[in-house]
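**Q** Swiss-Prot lists these features:
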DOMAIN    66-105  domain 'BTB'
DOMAIN    140-242  domain 'BACK'
REPEAT    289-336  repeat 'Kelch 1'
REPEAT    337-383  repeat 'Kelch 2'
REPEAT    384-430  repeat 'Kelch 3'
REPEAT    432-477  repeat 'Kelch 4'
REPEAT    479-524  repeat 'Kelch 5'
REPEAT    525-571  repeat 'Kelch 6'
Amino acid sequence: MVEDGAEELEDLVHFSVSELPSRGYGVMEEIRRQGKLCDVTLKIGDHKFSAHRIVLAASIPYFHAMFTNDMMECKQDEIVMQGMDPSALEALINFAYNGNLAIDQQNVQSLLMGASFLQLQSIKDACCTFLRERLHPKNCLGVRQFAETMMCAVLYDAANSFIHQHFVEVSMSEEFLALPLEDVLELVSRDELNVKSEEQVFEAALAWVRYDREQRGPYLPELLSNIRLPLCRPQFLSDRVQQDDLVRCCHKCRDLVDEAKDYHLMPERRPHLPAFRTRPRCCTSIAGLIYAVGGLNSAGDSLNVVEVFDPIANCWERCRPMTTARSRVGVAVVNGLLYAIGGYDGQLRLSTVEAYNPETDTWTRVGSMNSKRSAMGTVVLDGQIYVCGGYDGNSSLSSVETYSPETDKWTVVTSMSSNRSAAGVTVFEGRIYVSGGHDGLQIFSSVEHYNHHTATWHPAAGMLNKRCRHGAASLGSKMFVCGGYDGSGFLSIAEMYSSVADQWCLIVPMHTRRSRVSLVASCGRLYAVGGYDGQSNLSSVEMYDPETDCWTFMAPMACHEGGVGVGCIPLLTI
């Protein structure tokens, strides 16, 4: 009964002690250490561990299923555990009580195996993270094998990527020399190996054979057939490969060396060689610094500004500007140098070229193209720069030129089948693919690719959407295009191409409509840089992760507002 003048109180009050569950687990842990109230014993060999069923069932899925589903063990006072390390089981029982676990190099594998058996996914993930963060050329092959055995897909992929990135160092390890033939064959055949030259792959394979010459000598022909000997220097083939005693005494090996030498001596025979043996390797999982070159400001003026993006730190930093302002510029990276090619300076289309050395932070003029051009596609294949199409101030171009850094000369090669300006151009599976673009009258969805061995162009499946001023890049076994302009609107849509199916399919669109966008691959992801959304130039950047099929905004450019050329210089030094 409430008296007159007294404050009316609610009939229901909720009271709680938030720390009670965690405090209760601590008390139960202490009781277990005293050996009191325990109702089950887990046995491994001569080791026995007492515990409480209720705690094990609450914390460990394996025991939850055992004790709540009327399994035979739920009535046993002592349960025999098979296939686990005793110290790992003890650590996981302690974890069930206090939520703490110490992971180190000595126990990580046994803990991961135990966690997998007991269905403790969070601990399994923590162990995988521990191993992934400590990958090294001396242990990565063993970690990969362990990850495969334990069906840890993320760790397996991380170890695989590490092996590809650090192949030269890995090939010098004891783990590599102890690999079975099947694993070595699989490894030396990978496109993703990060090597400065194919000669490093040859030396790795030969070292593996010589480690057990008597047993492995007969495997050399099979190994050499999976190495891209035609991509070795002629001098190396003659002075090193051909002179090796293991090669000289094997007829099949000598035939492979002759085939490689013919590649250099008789170019007309190149189309008849197995395609994979003449396809350069490309390690797309390496992190690289992304350079944004030239472009436009908000007033539409061409810029000479250059800035560099670190995708790991997610930050931009300004570096030395070019000697010439260039928008719609072609950008290529060869031998650690960044080339700015052609473009538009605000008054004229340019044929001039300059190269940036990041080690000295300097720009140097190099040989000019034969034609003035802006809005062309620029790629690198077999150490040569190719520029495709573009606009010379009067019309769209079909012409193609290639530049040799060794001779500092440009050479005209076979023209495309169509005049194409603002097309997407990328190297994919050893061929130059040109997608979309326009000829001044119409915008294309068509695609063609160039075989540099035969100097011929061939059609490929057209994109689902016609587009020009879009970004194009390859990543792994797929080719991607994004953004652009279709004649009526600015695009955010993106597509992916598979050469096996010769077919395009849509992927998730970007968050922003982007015409004049540049697309570049780094560290296994794609970066869409800048562009124009129909109202203003863009400084924003989006990153696409093919594993999640998601675009994520990254740090925006600091000094640019769209229309930039981009190039990526790998961070990893071989």
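Here the Cβ of each residue, glycine as well, is placed from N, Cα and C on the backbone.
Each of the listed features needs to be described in terms of its position in the shown structure.
**A** Per DSSP, the secondary structure of the domain 'BTB' (66-105) breaks down as 20 helix, 3 strand, 17 coil.
Note on the repeat 'Kelch 2' (337-383): mean pLDDT across this stretch is 96.
Across the range of the repeat 'Kelch 4' (432-477), the DSSP-based residue counts are 0 helix, 22 strand, 24 coil.
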**Q** Please work out which recorded stretch in 384-430, 432-477, 479-524, 525-571 has the most C-beta pairs separated by under 8 angstroms from the repeat 'Kelch 1' (289-336)?
**A** 525-571
**Q** Counting by DSSP secondary structure, give me helix, strand and coil numbers for the domain 'BACK' (140-242).
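**A** Summed over the domain 'BACK' (140-242), the classes give 77 helix, 0 strand, 26 coil.
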**Q** Quick one: do the repeat 'Kelch 6' (525-571) and the repeat 'Kelch 3' (384-430) have at least 3 Cβ pairs under 8 Å, skipping pairs fewer than 6 apart in sequence?
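**A** They do not touch: fewer than three Cβ pairs between the two stretches lie under 8 Å.
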**Q** Determine which residues of the chain contact the domain 'BTB' (66-105) at the Cβ level, with the cut-off under 8 Å and only residues 6 or more beyond its ends counted.
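**A** Cβ under 8 Å, 6 or more out: 25-26, 28-29, 32, 39-45, 47-49, 51, 53, 55-60, 111, 113-115, 117-118, 120, 123, 126-127, 130, 134.
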